[in-house]
Amino acid sequence: MSETYPPITEHLDDVETARDEGRRKMDWALQHMPILQALREEFESEKPLDGQRIAMAMHVEAKTANLVELLALGGAEVAITGCNPLSTHDDVSAALDAHDNITSYAVRGVDEEGYYEALRATLDFDPTITVDDGMDLVYLVHEEYPDLIDTIVGGAEETTTGVHRLRSMDEDGELKYPVFAVNDTPMKRLFDNVHGTGESSLATIAMTTNLSWAGKNVVVGGYGYCGKGVAKKAAGQNANVIVAEVDSRRALEAHMEGYDVMPMAEAAEVGDVFITTTGNRDVITREHFEVMQDGVLLANAGHFDVEINLEDLSDLAVDQYEARDGVDAYEMEDGRRLNVLAEGRLVNLAAPLSLGHPVEVMDQSFGVQAVCVREMVENGDAYDAGVHDVPDDLDREVAEIKLEAEGIEFDSLSDEQREYMGSWAHGT
Ligand SMILES: NC(=O)c1ccc[n+]([C@@H]2O[C@H](COP(=O)([O-])OP(=O)(O)OC[C@H]3O[C@@H](n4cnc5c(N)ncnc54)[C@H](O)[C@@H]3O)[C@@H](O)[C@H]2O)c1
């Protein structure tokens, strides 16, 4: 435990009730996580992480908690904190902290100083492995705890924004230990970013506002993996989808998918709901707010709260008030009200009613995280400092566990087919 920053238990009045409630949430999630269940059996009996110390900065809610518990059951000691001040569930954090091998510093709603102190607390614990969602830990290790670099075996990164940061650090020659880009592997990105972000963002926005999608103009900022999921699910709810993109090929993909494509400046005039999914900053700014209709909803599903420029919005507003839980109305001089959800933080995790991605989706992502941590422990020496793709056999291992759990059988290549596919000698 850190000497300078207290764990969750010291922030709560009724620790026992919180632990019970957190446990209940974790048990419900685990029932629907066949991949983590299968890995639990393996990790509990073989203890592949014995002697490891894992620092984690992730969204501390029930699904992540099952990953944390899995790593602890595999023999590791774990110190965890949140990767977003609004996504922590305090009860789950307390349930985790009840383990002998786990200390949780995650507390919902901490200010910026508390957020960074909690990150430092996980590093004060001298980790041998880091598991990040957004790269805050790797950054802090290199900036403030360089002595740890020699003893850290490796790390794993969960999200697109974290992998972008890692890759640019790597290009500058500044990344001093190996990190798996979990985000980029098919078993994560094709499911979590697309279906997870799509389903959970739309569900959260609907629950937070009690409004319908049908017939609305939904403007999706960015047509990457997350944007595709948001667009597809919104279209499935009978919304009219408009895509704003900066990449020509992705703009064309959106067009061929049947969506309207236009610059954000034009979309701003006609949109009813705006959802940003770019990982970039200033996607919606003053010029857009100036032309939006009364009553629009503004939500962000990208990692950081920089996609909707709230400074610009505050500047323009003559009044600001909480219209509903999780909805801040900004009133313009001409009476228009622009409604921001979850303070512009990633809506599917930070809004009061949000539950994050569906459990089944996170089972896959966290299955990949777990096998990556196991791989770093078992074969860490094989990886140089830098960003590494998840080895394909590990990615497939997770897919196969899931298919088996679902009772789904699939075909395999015959020897002749394998030879045919692997040969350049076969022509017409
Ligand atoms: N909400 C969640 O639960 C969740 C889950 C996974 C990833 N993420 C985050 O979502 C973000 C996007 O992830 P992704 O995997 O879709 O990334 P991606 O790189 O596949 O897609 C991002 C898209 O945004 C476009 N873009 C960039 N700047 C733009 C701008 N100014 N205007 C319009 N389009 C712009 C890019 O061209 C790209 O097509 C990242 O921050 C990632 O960390 C969130």
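Glycine is treated like the rest: Cβ placed from N, Cα and C.
Per TrEMBL, the candidate among E112, E157, E158 that belongs to the substrate site alongside D133, K188, D192 is E158. Secondary structure at K188 (substrate binding site), as computed by DSSP, is helix. For the substrate site listed in the record, the two most distant Cα atoms among D133, E158, K188, D192 lie 13 Å apart. Cβ neighbour count within 10 Å across all protein chains ranks E158 highest among the binding-site residues D133, E158, D192, E245.
Other residues of the chain with a Cβ within 8 Å of the Cβ centroid of D133, E158, K188, D192, the substrate site, are T159, V182, N183, N193, S365, Q369. Listed binding-site residues: E158, N193, E245. Those with a CB atom under 6 Å from ligand 1: N193, E245. For the binding-site residues N193, G224, G227, H357, a Cα to Cα distance of within 10 angstroms from D133 (substrate binding site) holds for none. Under 8 Å, Cβ to Cβ, and six or more positions away along its own chain, G224 (NAD(+) binding site) finds T160, N193, R250, T277, T278, G279.
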